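One structure is given below, encoded as structure tokens.
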Amino acid sequence: MPPPLFALCGIYLLCLGRAADMTKKNRLSSSRFISVNAGEDVHLDCFYEGHTVDVMFYWYKQIFGQNPKLVSKFYKHDTNSIMYGEFENNSRVQVDISIGKNNLKISNAQISDSATYHCMSSYGYVYTFLETITVSVQSSGMTVQVLQSGSQTVQPGDSVTLNCIVQTRNCEGECSVHWFKDSGESHPGLIYTHGGRNDTCEREPETQTHSCVYNLAMKSLNLSHAGTYYCAVASCGRILFGNGTELEVGDEGGIDVLVYFLSGALAFTTFLAFLLAYTAYRVYKANGCQCTGSQGSSATASASSAQAHRDADDLHYAAIRQDKVGSSRARRNDARSECVYSSVKQ
């Protein structure tokens, strides 16, 4: 292939890919809800653009709380669709296909047909939702009640069990039970789904009432568990929510007060220890100065006393008598003795 022709083909494929991507971005999936009575026919329409690059088209059935199941599939350029699973030999479910449409028809609707149906298309590994339709089939004389336990208050660290009683009348088949939590900070979220059969179910033959009890056990509760818990039941083609059980977790203020008290006591003890240490240091310093002064004075006194003893040893005593000249009487009267001390150092 010449280089110019090769480049032209590359540009064409790139433009085609961009056009397909823009087509997918501009196409939005719609969602609808259909409620019918048992025995009626249900028509689910799904249209698409004839020039779309998508080549495969599907129908999926999704029961609440379960994975989607493939109903049908057809290739854009074929005239027949392929049915799968339980729908393969089900004459009540048919697909009407042609250019631009992929419609699903359910005849003589039954309670088991209640589900959400998805119409999808694909090109390569890219899947697009074209339609999402929720079908609810109602049965005459059917009643479903959901009863929940009252509000409860627990303390942090405790355990609790929430109860949900489901009572159905004139309704066959198992029900699906789910627990939702609404904390008020965000949208309610699914936290638990009961799977399989429940051994706590009882049936009253006189009233044809079927009662089941579902429990939600939680341990080691804390403030994050506080909120309203709703029991949702999908049964007989209907989804019902209970009134909700409000769970209150006791305030941890007592623990906070204890923590604050201990923290304050620790701070006070630390301050008192520093104060005592500082006082002891000042007393020790003061006593040290006095001892030094006493020792200096004692040393000085001792040195002076020793020097005095040495000086005393070196003293020489001499007595000098001096007589004044005068009359003999005067000399007798005025005669006195005087002592003169001198120190002689060698």
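Every residue, even glycine, has its Cβ placed from backbone N, Cα and C.
Just so you know, TrEMBL annotations never went through curation; they're auto-generated.
Residues or ranges marked as signal peptide by TrEMBL: 1-19.
The feature domain 'Ig-like' is assigned by TrEMBL to 3-136 (among others).
Taken from TrEMBL, the feature domain 'Ig-like' applies to 142-233 (among others). On the 0 to 100 pLDDT scale, the domain 'Ig-like' (142-233) averages 78 in this prediction.
Residues or ranges marked as transmembrane segment by TrEMBL: 257-278. Below 8 angstroms of C-beta separation, not one residue of the same chain at least six residues beyond the ends of the transmembrane segment (257-278) sits close to that stretch.
Marked as region 'Disordered' by TrEMBL: 324-346.
For 324-337, the entry in TrEMBL reads compositional bias 'Basic and acidic residues'.
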